[in-house]
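Student: Structure below; questions to follow.
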Amino acid sequence: MSQEKYIMAIDQGTTSSRAIIFNQKGEKVSSSQKEFPQIFPHAGWVEHNANQIWNSVQSVIAGAFIESSIKPSQIEAIGITNQRETTVVWDKKTGVPIYNAIVWQSRQTAPIAEQLKEDGHTKMIHEKTGLVIDAYFSATKIRWILDHVPGAQERAEKGELLFGTIDTWLVWKLTDGAVHVTDYSNAARTMLYNIKDLTWDDEILELLNIPKDMLPEVKSNSEIYGKTAAFHFYGGEVPISGMAGDQQAALFGQLAFEPGMVKNTYGTGSFIIMNTGDEMQLSSNNLLTTIGYGIGGKVHYALEGSIFIAGSAIQWLRDGLKMIETSPESEQFALASTSDDEVYVVPAFTGLGAPYWDSNARGSVFGLTRGTSKEDFVKATLQSIAYQVRDVIDTMQVDSGIDIQQLRVDGGAAMNNMLMQFQADILGIDIARAKNLETTALGAAFLAGLAVGYWEDMDALKELNATGQLFKASMNESRKEKLYKGWKRAVKATQVFTQEEDADDDAK
């Protein structure tokens with residue numbers, strides 16, 4: 001009797017690594033998770049030890065096998081999904097990183113980004129990469145490492161150093177240094193990749209003095225990149241055949257294969273990605289243009305809007321204000337509110353993300369009266385998440401010219417039924433919650449399985465992650481627009497408040 005076969009997804013995140021084993025129905029059979037240390041050398045700096053990431057991945061691979069009694073020989077293929085933009089530079093011969101991994105959130109390279117803007121490169125970089133110039137992306141992180149590690153620039157020019165985002169690092173380690181590759185979605189977040197020509201951009205590389213030899217080969221999101229070295233996969237030589245950055249993997253896991261399909265992951269922040277098809281559309285409203293995925297020689301582009309504060313606003317109610325004891329309680333409190341939704345919370349704790357990109361804005365509250373209750377405040381905080389999502393969705397519709405009919409949702413806060421119903425109401429469209437909320441890992445598994453024939457084609461996947469619950473808009477148009485106008489006024493007032501402060505500082 002032949003053994004049943006499975007797909008393993010390695011989900012390497014910002015604070016932890018996970019390995020999840022899926023069966024042919026797309027069901028989770030086993031999983032293992034391990035956190036690893038965050039390193040904060042200075043205020044605003046965030047780093048990881050790349051070897052600790054690798055150790056955590058080895059640990060969770062073992063954990064997933066132990067929990068399920070599945071053997072390495074039963075794994076048909078491996079898919080990898082990862083925290084995007086985080087940058088590792090290592091010695092080609094020894095495989096030892098020359099510096100910590102600089103994490104996507106880290107602001108230590110902001111002066112390099114500011115210099116690029118001052119030197120007038122914003123338009124050129126936006127047109128080629130689809131991105132805004134920011135320390136968020138990998139390019140400035142590579143430049144920082146080459147500047148700050150003695151002899152690094154010279155070694156890079158001699159071909160002695162390699163660069164990779166976390167997907168690249170893990171494939172390099174799993175194959176014991178045999179394969180140095182990345183995929184379209186991760187390359188598109190480096191600020192070095194020309195997403196129109198699908199090549200590393202020589203002009204940007206020259207501008208930043210980054211040797212091209214350091215960079216990995218860019219591959220599609222679904223093909224066999226190499227096989228695991230047996231001693232790194234508990235005796236198994238298994239194809240690694242799917243890769244995508246976490247948000248793009250979620251787009252694929254949500255089966256958003258057609259232009260105009262949109263997914264939103266409600267995590268700590270909120271990441272909204274729209275499939276725009278095979279045409280690259282540059283945003284004129286501060287959204288990012290990126291690559292959603294590329295399979296079989298065809299690339300699907302995407303528009304992305306990032307909201308800084310979503311689920312973390314609920315954590316603030318719990319840990320900061322002590323208004324609730326657990327995050328799920330926020331739903332009960334909000335449903336108990338009897339207010340007419342006149343309170344607005346603008347959770348700009350670290351500034352405002354898309355489409356405002358106002359890093360100076362700070363959190364504010366409007367519309368309080370003597371009768372405002374704790375329940376009203378909790379409801380207003382939940383509603384702020386939905387209002388921010390509408391800001392991005394409206395912008396996406398303008399940029400793309402596509403009329404969005406449905407929003408596919410996943411992530412922790414998507415379990416809040418009150419929030420999902422209000423989201424449907426304020427957008428005036430259906431909200432489809434994924435039945436399987438493991439959409440990021442599932443997307444990586446789908447990409448890997450397609451490449452080895454575990455699933456026949458993309459049509460076969462459509463049966464596997466059916467919609468869980470559908471939330472339909474039920475609010476009348478005039479009330480919906482009245483509430484949203486109030487939100488826009490609150491955001492404007494928030495921005496004016498910090499602008500006035502800046503003006504006062506300048507006057508001094």
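In case you wondered, yes, glycine gets a Cβ from its N, Cα and C as well.
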Student: Based on Swiss-Prot, name the residue from ASP202, ASP213, ASP246, ASP278 that is recorded for the same sn-glycerol 3-phosphate site as THR14, ARG84, GLU85, TYR136.
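Tutor: Between ASP202, ASP213, ASP246, ASP278, Swiss-Prot records just one in the sn-glycerol 3-phosphate site with THR14, ARG84, GLU85, TYR136, namely ASP246.
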Student: I'd like to know which of the recorded positions ARG18, HIS232 has the most other Cβ atoms within 10 Å of its Cβ.
Tutor: ARG18
Student: Would you count the other C-beta atoms found within 10 angstroms of the C-beta of THR14 (ADP binding site) for me?
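Tutor: THR14 (ADP binding site): 19 neighbouring Cβ atoms within 10 Å.
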Student: Does anything in the same chain, at least 6 positions from GLY311 (ADP binding site), have a Cβ under 8 Å from its Cβ, and if so what?
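Tutor: In sequence order, the residues whose Cβ lies under 8 Å from that of GLY311 (ADP binding site) (at least 6 apart) are TYR266, GLY267, THR268, GLY269, SER270, SER327, ILE385, GLY411, GLY412, ALA413.
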Student: How many Å separate the two farthest-apart Cα atoms among the ATP-binding residues THR14, THR15, SER16, THR268, GLY311, GLN315, GLY412?
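Tutor: Output for ATP binders THR14, THR15, SER16, THR268, GLY311, GLN315, GLY412: max Cα distance 19 Å.
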Student: Among ARG84, GLU85, TYR136, ASP246, GLN247, listed as contacts of glycerol, what is the widest Cα spread in Å, to the nearest whole number?
Tutor: 15
Student: Whose Cβ lies within 8 Å of the mean position of the Cβ atoms of ARG84, GLU85, TYR136, ASP246, GLN247, the glycerol site, other than those residues?
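Tutor: Other same-chain residues near the glycerol site: GLN83, TRP104, ARG189, GLY245.
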Student: So which other residues, same chain and not among THR14, ARG84, GLU85, TYR136, ASP246, have a Cβ within 8 Å of the centroid of the Cβ atoms at the sn-glycerol 3-phosphate site?
Tutor: ASN82, GLN83, THR86, VAL103, TRP104, ARG189, GLY245
